[in-house]
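Straight from Swiss-Prot, the features:
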- 6-151: domain 'MGS-like' (DOMAIN)
- HIS19, LYS23, THR45, GLY46, THR47, THR48, SER65, GLY66, HIS98: substrate binding site (BINDING)
- ASP71: active site, proton donor/acceptor (ACT_SITE)
Amino acid sequence: MQKTTRTMPAHKHVALVAHDNCKPELLRWVKENKEKLQSHFLYATGTTGHMLSKETGLAIKSMISGPMGGDQQLGALISEGNIDVLVFFWDPLNAVPHDPDVKALLRIASVWNIPVATNRATAKFLFNSPLIDQEVDIEVPDYDAYLAERT
C-alpha cells in the first residue's frame, strides 16, 4: 500500500478507553497526568469518559459505551485522521462480549499508524516523550491511491 504523510498537531486528539477491570488504573493514570492531558483534546468511550470527567473535571468528549458501539465510533475517528493517540487499558485476562470491536479498534489504530498505550508503562513512556507536545509527521495509508488502484 502506498503511504502519505499526515501531521499530528502539537495539541493531540487523545482517545481514552478502559475495560471495566482497568478503569481504576486508567483513572489513577489520568489523575497523575492531568496537567499534561489538559493541553490536549480528550475523547473516550461513554462509561469511561463520564467517569473520568466526573472524577477529574477534565473536558472529555464521550462517545457511547464501548459495547454499544463506542469502540467503533473511536475507530471511525481514527480512520478519518481525527484521533492522534489511543490510550487503551484493556484487560487481556478477561474476554468481553464486544471483543471483536476491541480487536477492530486496535487494528485500525495500527493501520493508521497512531501511537497506542495499552498499560501504565506504555502510557508513561508515550506521555513523557517530547513528541507528545510537538507537531509530528507520521506515515499513513494513501487512501486516494488505494481507491484508485481498486476502481
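Glycine too: its Cβ is placed from the backbone N, Cα and C atoms.
Shown on the structure are the features that Swiss-Prot records.
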residue: HIS19; record: substrate binding site; DSSP (3 states): coil
residue: THR45; record: substrate binding site; DSSP (3 states): coil
residue: SER65; record: substrate binding site; DSSP (3 states): coil
residue: ASP71; record: active site, proton donor/acceptor; DSSP (3 states): helix
residue: HIS98; record: substrate binding site; DSSP (3 states): coil
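Residues belonging to the domain 'MGS-like' (6-151) score a mean pLDDT of 96 in the model. Cα spacing between HIS98 (substrate binding site) and ASP71 (active site, proton donor/acceptor): 9 Å, rounded to the nearest whole number. Sequence-distant neighbours of SER65 (substrate binding site) (same chain, 6+ apart, CB under 8 A from its CB) are THR45, GLY46, THR47. Figure note: comparing Cβ neighbours within 10 Å for the binding-site residues THR45, THR47, the maximum is reached by THR45. The residues near the substrate site, meaning same-chain residues not in HIS19, LYS23, THR45, GLY46, THR47, THR48, SER65, GLY66, HIS98 whose C-beta sits within 8 angstroms of the mean position of the site's C-beta atoms, are VAL17, ALA18, ASP20, ALA44, PRO67, GLY70, ASP71, in sequence order. The two recorded residues the residue listed as 'active site, proton donor/acceptor' and HIS19 (substrate binding site) have their Cα atoms spaced 11 Å from each other. For HIS19 (substrate binding site), the same-chain residues lying six or more positions away in sequence with a CB closer than 8 A to its CB are PHE89, TRP90, ASP91, ASN94, VAL96. Around the Cβ of the residue listed as 'active site, proton donor/acceptor', 27 further Cβ atoms fall within 10 Å across all displayed protein chains. Its Cβ taken as reference, HIS98 (substrate binding site) is surrounded by 19 other Cβ atoms within 10 Å in the chains shown.
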